[in-house]
Amino acid sequence: MEYKYSTIVDSSKWDPEGLIEGIPLRKHEAGDLEEVGSFRVQEDWRRLVGPVENPFRGSLGPEISFITYTVPECLPERLEAISYGLDYGFLHDDEIDTKIEEAELDDVGAALAQGGSTGKIQEGTKSSGKRKMAAQLLREMMALDPERAMTLAKSWAQGVQHSARRVEEKDWKSLDEYIPFRCMDLGYMHWHGLVTFGCAITVPEEEEEERRTLLEPAVIACLMTNDLFSYEKEKNDNNPQNAVAVIMKIHKCSEEEARDICKQRIRLECRKYARIVKETLARTDISLDLKRYIEIMQYTVSGNWAWSTQCPRYHADAKFNELQMLRAEHGVAKYPARYSLENRKNGANGVNGVNGINGVNGVNGVNGKRKRSGEETADDARTNGNGIKKPAHVLEYRDSLVLEDIVALSLDWNLPDLSDGVVVQPYKYLTSLPSKGFRDQAIDSLNTWLRVPTKTTKMIKDVIKMLHSASLMLDDIEDNSPLRRGKPSTHVIYGNAQTINSATYQYTEATGLAARLPNPTSLRIYLEEVQQLYIGQSYDLYWTHNALCPSIPEYLKMVDQKTGGLFRMLTRLMVSESPARSSILDQTLYPLSHLIGRFFQIRDDYQNLASAEYARQKGYAEDLDEGKYSFTLIHCINTLEAEASLASEKMALRAFLIKRRVDSSLSNESKREVLDIMKKTKSLEYTLGVLRALQAELEKEVDSLEAKFGEENFSLRMMLELLKV
């Protein structure tokens, strides 16, 4: 990776014991911007929330400040914003530690979830100061990089959700039991969002699990470091959530011995991660952004250690430096940033900048490596130039036309197998596109109650992902849709035939995976629901092809079988694989899955016509191009049929629908005319009213289920909050 904004620093002063040996320490050239962000959030907190120590003992240190050393390759124009976000997190975290009942976790979590869903946080005259601060920060970040700003908001919301569990005291039986909880409590999801935003990184969704696995030693090293240095101020708590305390209790040892054990674990995890970084950078089967992410996160480990050795947050006797004290006393308005963004090219439009490209294999050859014109790389001899391996036998036999060679080939039953590299390419392309991951969230939310083992949960997620992705590939062909998530649809790139082949291959893969689920009943459930998916889709296609408007009941039943089918399938599979399945009635979760399916589809219908963001992702009022009978269009047609005064609008709409059938699309001018007719019938308003009513019913259903299971489901409520219109 090219280093543009940082320089190597000798770490021996901060690490005389060599605990982080093998992981370099770097310093950002624009560290002054971190201080500005930190003092700005302190000033805002005092003004909008309440008193706070001055200077606040957060991310700053007299020699080493946190962001400057942990994100040394942050784009300079984003450094102040992520510094603000980090110390906002520290301020909120301290409030949770001292008075959790006043921390407004629900409000902050809901605000961030809303920001992650819509790109903005609604404010009102009665909004809390914390909500106003979060809204302002999100606005600043959206102006720089909307997609990654929303990703940050979602990640942060997940961290706030976890913080709510601190109300419950934990009695840890082992360090291995403590570590997973502490990994989340560390603010890892918040930090993940800040780093990916700051460095303009987007790890493809299909690499998320691998990202978490590769990163695990780094996260453990950081949590052990934090616990090692924070124990002094936490040791007098009734039940400190700290690795040193856990080790002392488990091993019945002294504090000094526990600290030594903690250090040895840090050394071990650092060595693991240094090896992972080296191995990851040598790989050719993962995206460039995952490589960058794993490399960049090593500086979180080294920077966190160096910062922890001298920061006032962990050391009561540590003093801030002179400039920090001046800014604390007089404000950043009087002592502004000394670093000038204008005097430095920021490189934001580079390979992975704000407008960068993060394709599966990059844009200029295998894994994004650029080749000089006419130059052949070592891999070119083994690939077709697009990262797909040539079959081995092509290299061995070449293209011989000698009769004996042809006969020998014809009689050879042991020719090397053809890999699945070609058939999965369209699928890999689709799954590399940005996704909100609602179905994974639904599975995780249900697991709050169902307690399905992690391995089985992952299998169910993969089954649903394969089916959903395959259905999108086929839907786009059937609907002749040119865009998917703001990018060209799969068939536009790979052609209809190859896309259909890839999609049906994924159906067979999903079936094979469903057959390997522990409970044999799961395969039957899977097959039943796949049949329903096809039946539901058949009616959608039938109505479109024949220009037949269904009734509302027919439409809802189609939705139950098509869109709701995947939600129902994942619900039934999770119940089938739950250890508590014997005590759960078959119908317990059916109303929830049906409501989510109907809400999701009607919401999609509404946004297709009313959302500017949806238009950017899929095209302007795309459902009208496809000739689909959406909920809104059905209401419009029914209203026109019932209102004699709208006879001319009825004729006009019918003419537009016939024109769409003949031309296979409508012009934007025609679409605007159709939308004007819908405004006269108030169909969009009606659809929005139905959505809000369904949202209320969903909330009631969650209340009912929480009562039945005896456990609140914050993650499910968060998911529903993200879906609000």
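The backbone N, Cα and C atoms fix where each Cβ goes, and this holds for glycine too.
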Site co-member for isopentenyl diphosphate according to Swiss-Prot, given K436, R439, H468, out of R485, R516: R485
The annotated motif 'DDXXD 1' range in Swiss-Prot, which must be one of 93-97, 173-177, 708-712: 93-97
Swiss-Prot annotation (motif 'DDXXD 2') - matching range among 40-44, 255-259, 475-479, 615-619: 475-479
Candidate ranges 28-36, 226-234, 307-315 [criterion: Swiss-Prot lists as motif 'NSE/DTE']: 226-234
Among the isopentenyl diphosphate-binding set K436, R439, H468, R485, as the record gives it, the longest Cα-Cα distance in Å: 16
C-beta crowding around E232 (substrate binding site), within 10 angstroms: 13
Nearest of the binding-site residues (C183, S230, E234) to N608 (dimethylallyl diphosphate binding site), judged by Cα-Cα distance: C183
Spatial separation of K628 (dimethylallyl diphosphate binding site) from D479 (Mg(2+) 3 binding site) - C-alpha basis, Å: 9
Q601 (dimethylallyl diphosphate binding site) versus R485 (isopentenyl diphosphate binding site) - Cα distance in angstrom: 16
Residues flanking the isopentenyl diphosphate site, with Cβ no more than 8 Å from the Cβ centroid of K436, R439, H468, R485 and excluding those residues themselves: S435, G437, F438, L472
